[in-house]
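Please read the structure below before turning to the comments.
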């Protein structure tokens, strides 16, 4: 080994050309919260042990029976579970990895009933006298005998009909014994594999959210069905067992002639099934008192990859204890990095599971961006320990409150842990700007859905999208801003205290925030509930137009495609209560509330020397348009003294202008003119915003005659920035001190780094690797592939995985696509993002689209129809679509795969809408865009 990734001078020259030609380098699309869940279709159960009797499922088909509904009836309520599981980390005689176990659930009968419905999915249940379970009464109650039992596969129930009724107020105990497959499907109780020193290791681990606890043992698998869990794990010698609670001392036992360990755990707090976790592994850990431990592969821990997570976990927990005014609810906090994990991380109470890239950090190899990701994800998950775990949403229709809140406050926690990083500002780029593009589509959806509209597992999975996470964060940030962060946190504190260990709906939070607002004496135009319902119960957001000649202010539902038809009704007629913060000629003025479709504020009338910027620091979730005169004054101010406008608003002006142009509300050339001041700009946020928006132009025009002049213009604008960072870094020999400077000089710094015969800085690797692969051939690709397969640091493997998609050789891209169907080559957790990376390459996009269409049936059934990574695939592969031919292909794909789209259904509708908008935009703007770039590059600077 010991072979570094070096670049010869010959390749370097080519790389520079490539890099300059693609200054808006491929933006790594991260499917942060995307999960690849298990199949929803019934599969053959695993072979059971010889002494287990299998009952053939039968399914009575009376219409509209309780077992044909996806929601549990309200007749039973679980109290506690006692679960024992034994995962086999070696295959059985049939070549399968399995687990066996038994479970006893104690439940209370709330309403008299002769029916027990309990979730069970892909479990092979043992027969007891011809039935799937045993039932007995507790505390003197008499249990009726079992009449009939069966597995209702479509709704994932074990159905138990009784010969008589259960009595309201009485407690009962249901016992089941079962075998399941420890599959590699990343859902429920599953296996993860890795190699260490050439030896294959198997980990048994879990991912229950949203509906996969039922794959581990029969349970009442809904968030409101909270209970106490007593877990026991049986596992091989030289392995360790972890769960939500702290373990008792392990005991050596012998079962079936095998010497094993039995680990029992303390009872959990009252909690939801989706927050359960258990892991069997031979990992190591580092820890501190009291009870903070970071678990990972032994070599990763030995190399210190868990040190940063350990260093920051304590301070972030302390921050949230102060923020919520509530002590950490548990006695320990385990965090574990898994080789195979579908999401970025999962907030299991007391045992948080992560992808390795989200928890492990190696300063010698990992970049500043990797470090930022680790801090933010840890903060997100720790925020859930109170908001989501201690107090939980009643049903998945309010998932936005859980995830949107954790996304918002994750930036506060990370900001506390890394105060020099400006994390409170970066939420604008990382969350708000991107989700506004999605929410500006007519096919978007409200944050909060009706409970009855979210029933099936695939409906639930579709909710795990950017609207839920990022828009949820944006509107809660806006709320915190206009009632103040102090009042916001006080409302949270009383909310958590009243509802701890219980379930809530969003109006419960509004009530407590209103109490805090009233106590603080804050004046609002209406109640918190009235204001916020307009932001969560209707989709989209407004564009606020300010006429500085008259002071007139109007609002209108902002749609990226002005010709799109909104067929989703809104009780609020797509009007909002809008908190307008604004700056007049450099001075912030009093906030103004726009509560009607239009109003007049005479203070916003300007004379010829004044200028106005609204939505200070993008605190509100809306776009702003102005009269032509104010636009010209803003452009003049950016050109002469751009620092007079706050840095976030410099980014906002660019983003608003480009999106208003796409919506045909301003001229496209006005949007392009907002980039002219960038030759004086050295801050990260305006540059990244411009890069994001110009990326759309690259997507639309990189195969046309527009590309050359556009490339030349961007090179001209970037050159002063390149020279600035060259000086700042003493000719690239010094690392910038500012965190955002690492981001800003990353693509620029790499241009010169090609000439240096030294190892590549971690902050440059992503761009350098990509450019080197693009300039090389099969030899370079195979070398990078070998590096990827042998990488022992997840963040390094991820950079190489992306770089491999940068090749310009179609046959290599096709080979790479085929690798996505082989989990021995590309882990299942990485298949989606790899396909998206390839589609981001102009050469790879049509290949990826052909691949998806040809293999959809296999991909869909192998990764599960409820997987919410499918939406990412559709979005990623169709971003360049802008022709009638593209649109017809999408329609054909929709027709060919009707009923087999799962969580991609909404994404496909968005792709159709986006493609139609792209077609119209290109037809209207191509000529003037070409003329503008040509004019700018032909004129002197």
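Every residue number used here counts from 1 along the chain in the order it is shown.
The backbone N, Cα and C atoms fix where each Cβ goes, and this holds for glycine too.
As annotated by TrEMBL, active site, proton acceptor applies to 381. A 10 Å cutoff on Cβ-Cβ distances gives residue 381 (active site, proton acceptor) a total of 28 other Cβ atoms nearby, all chains included.
Under the heading Zn(2+) binding site, TrEMBL lists 380, 384, 403. Counting every protein chain shown, 25 other Cβ atoms lie within 10 Å of the Cβ of residue 403 (Zn(2+) binding site).
Look at TrEMBL and you will find 44-62 tagged as compositional bias 'Low complexity'.
Taken from TrEMBL, the feature domain 'Aminopeptidase N-like N-terminal' applies to 78-275. The average pLDDT computed over the domain 'Aminopeptidase N-like N-terminal' (78-275) stands at 97.
Sequence annotations record features per position, and here TrEMBL assigns domain 'Peptidase M1 membrane alanine aminopeptidase' to 308-535.
Look at TrEMBL and you will find 611-916 tagged as domain 'ERAP1-like C-terminal'.
Positions annotated as region 'Disordered' by TrEMBL: 40-67.
According to TrEMBL, the site 'Transition state stabilizer' annotation covers 469.
When the neighbouring Cβ atoms lying within 10 Å are counted for each of the binding-site residues (380, 384), the highest count belongs to 380. Here the C-alpha separation of residue 403 (Zn(2+) binding site) and residue 381 (active site, proton acceptor) works out to 10 Å. Residue 384 (Zn(2+) binding site) sits 13 Å from residue 469 (site 'Transition state stabilizer'), taking the C-alpha atoms as the reference points.
Calculated from their C-alpha atoms, the gap between residue 469 (site 'Transition state stabilizer') and residue 380 (Zn(2+) binding site) amounts to 11 Å. Of all the Cβ atoms in the protein chains shown, 24 others lie within 10 Å of the Cβ of residue 469 (site 'Transition state stabilizer').
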